[in-house]
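Report on one structure; see the data block that follows.
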Amino acid sequence: MAKNLNSVSFTVLLLVLLVASTEILKSDAACFTFLGECGPEPFTGSNADCLACCVALYKSPPVCAGRVEGVPAHCHCYKS
């Protein structure tokens, strides 16, 4: 029994290391650092319009998301 438990523990450890090293579970949660605002106030477009505005203003590598937030609506740009 202890031998089986040891083998299972070792296998789980290898799987955790594999997932961590290959960043399989990388998510959008890493995109949370506020970069700035874009566009007019209030922003009347969608999240896709906001992202296009952010990419045009700040370029693509730093920008990972553009979201319409707040009242009145603002276009907020985020980087990872």
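Cβ atoms here come from the backbone N, Cα and C positions, even for glycine.
Residues annotated as signal peptide in Swiss-Prot: 1-29. The disulfide bond annotation in Swiss-Prot covers C38-C64, C50-C75, C54-C77.
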Taking the Cβ of C75 (disulfide bond) as the centre, how many other Cβ atoms fall within a 10 Å radius?
28
Which one, from the disulfide-bonded residues C50, C54, C64, C77, has the smallest tally of other C-beta atoms lying within 10 Å of its C-beta?
C64
Looking only at DSSP and grouping its letters into three states, which state does C50 (disulfide bond) belong to?
helix
